[in-house]
Amino acid sequence: MRPAAVGFQCPECVKEGAKQTRAGRTAYGGLRPTDASITSGVIIAINVAVWLGVLATGGSGSRVLDWLVLRTQALCQTGPAAGLDASRSVCERGGGTYLPGVADGAYWELLTSAFTHVQVWHIGFNMLALWVLGPQLELAVGRMRFLALYFVSALAGSAMVLWFADEYTIGGTLGASGAIFGLMGALAVLALKVGGDVRGVLTWIGINFAFTFLLANISWQGHLGGFLAGSAIGAILVYAPRGPRRALVQWLGTGAVALIVVAAVLARLASLS
């Protein structure tokens, strides 16, 4: 396991990913990508495009940002109607700024927040980590399984935020870190499966979690939720038994994790209604 700037390169994982069990397939049954960096590159490009859009419309004061970040509850900021529970119409009539929340119907925030950044260091670290981790995992499991891993991890991070973060946060929660921590968890499982330097990758993950809990204004909820989902999906993908039903087991298992995450979101929203 070789340390990179914000990630680990796992030679054993790459070697395993290079195996072909049959024509056009990865070691874990996915379609072999012609270039394992393309998917991560596209995700990075989307993140950068959103970041540039936020900067072009005001940065931390952008109204575009207000509609992308994750909030549990809607807020009315400033103006005579300022408060926690003002509706959009009441808020805007009173001269306030309406900040949408998932509990009030802004369900898109569960995923758009995972593509949204403001500070250059934030997007820089997250995208560098994705560039290091993504191709290794895609080479091992294939493009579609990698995408499922990434998006379910991002959604799981948002679900954990809904349950355990402050309901009323003006700035909201944002960043791809939940998805990145999901990739970390999956890489740890893959390293364990192929006999890689598990101690090294766990040490690296431990350091990242230490920063998560020790530094201010970092969403431990998003990081932990993504990590748990990514670890679970990683285990499903690499430990599914070989054979004609492996793909079915992998997709049913991944779907089950996704359903658990969606159920957690719905349960939280029901508790807030």
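Backbone N, Cα and C define each Cβ position, glycine as well.
Where the annotation comes from TrEMBL, it is an automatic prediction and has not been curated.
Feature annotation from TrEMBL assigns transmembrane segment to 38-58, 114-134, 146-164, 170-192, 201-218, 224-241, 248-270. What TrEMBL lists as domain 'Peptidase S54 rhomboid' is 105-239.
At the 8 Å Cβ threshold, with sequence separation of at least 6, the transmembrane segment (224-241) comes into contact with the transmembrane segment (170-192) through 3 or more pairs. Here the listed stretches are 114-134, 170-192, 248-270, and the one with the most C-beta pairs under 8 angstroms to the transmembrane segment (201-218) is 170-192. The list of residues near the transmembrane segment (114-134) in space but at least 6 beyond its ends in sequence, with Cβ under 8 angstroms from a Cβ of it, reads 4-9, 36-37, 39-41, 43-44, 46-48, 50-51, 54-55, 59-60, 65, 68-69, 146, 150, 154-155, 157-158, 174-180, 183-184, 187.
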